[in-house]
Amino acid sequence: DANLARAVSQGDAGAARRLLAAGASASGSAPNGWPLLAVAAQKGSAGVAAALLEHGADADAVYSGFTPLLLAAAAGHLQVVRPLLAHAASTSATSPDGSTALHFAAEYGHADVALLRAGAPVEAAKPGDGTRPLHRAAENGKAAVVEVLLRAGASVDAAAAGEWRPLLLSLVRSHAALALSLLEAGASPHHAREDGTLPLHAATRLGSSALVEALLDRGARIDAADKAGETALHRAVSDRGSASVPLLLRRGASAAVATSDYLQTPLHVAAAQGDLASAAELVAHGASAAARDRFGVTPQYAAAYHGHRGVAELL
């Protein structure tokens with residue numbers, strides 16, 4: 001019915017109800033082929049969606065791999081999610097990439113508990129990469145959703161492909177406050193991703209002393225290295241001017257440890273960058289200006305070669 005399709009497209013719930021009462025089919029399609037309920041869900045037209053459902057529209061009608069619930073959740077239209085759930089829309093249905101409605105709600109920060117009350121699987125893992133709703137929320141900094149998911153039983157240390165876990169995802173995306181809340185919820189500081197990157201490595205780049213302290217207080221190994229041999233101190237020095245450098249040294253980080261690939265110490269990094277403050281801190285904590293990397297280069301030579309006179313004179 002073209003008139004009903006027009007009313008649905010315009011979000012006119014009154015007109016839609018009149019046309020449905022007069023016999024128009026709630027199972028019809030829009031001119032573009034979308035089921036009318038899918039159109040209402042995507043547009044966030046709760047009144048129209050409710051009218052269509054009350055007149056027999058299929059709550060799980062699929063178009064291009066998406067059910068109305070998936071469309072509503074992805075768009076954040078909670079006012080449409082609720083009537084769909086009231087008509088038994090499946091919370092386990094997945095999009096073409098394997099995402100559930102809860103994955104979408106988590107990614108976009110929609111902390112409504114209606115999906116969970118309706119039985120949405122909190123630990124649903126996408127085929128292929130193992131991503132769960134909590135991963136989506138952590139990666140995108142959706143603290144309120146993280147809290148809701150954890151209360152509902154989501155595993156705080158669940159691993160996705162590549163050994164990505166919620167804590168590390170929040171850190172590499174610079175969500176320091178969220179990372180702290182995950183730690184408080186019991187996230188482990190010891191899980192590394194495939195390349196050996198640990199939460200402490202990522203945290204040193206954020207400039208949050210509280211976060212670095214929290215990780216260390218929970219047992220993070222201060223000199224743990226990634227697969228290239230870089231420690232948290234290497235990473236902090238690489239981020240020139242990082243407040244994490246003096247903090248890590250004060251907490252006992254080794255200033256002498258060298259990477260496994262190029263045998264570079266943190267002082268090599270500071271010298272090459274001309275970072276006088278970090279170089280001075282490192283020397284004060286025992287770093288050697290004579291240490292040689294794989295190519296025989298010392299920190300002093302690196303500073304001079306790159307034109308950093310102040311660091312060269314210090315060394």
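Quick reminder: no glycine exception, Cβ is built from N, Cα and C everywhere.
As given in TrEMBL:
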REPEAT    32-64  repeat 'ANK'
REPEAT    64-96  repeat 'ANK'
REPEAT    129-161  repeat 'ANK'
REPEAT    195-227  repeat 'ANK'
REPEAT    228-260  repeat 'ANK'
REPEAT    262-294  repeat 'ANK'
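Using DSSP to sort the residues of the repeat 'ANK' (195-227) gives these counts of helix, strand and coil: 14 helix, 0 strand, 19 coil.
The residues of the repeat 'ANK' (32-64), classed with DSSP into helix (H, G, I), strand (E, B) and coil, number 17 helix, 2 strand, 14 coil.
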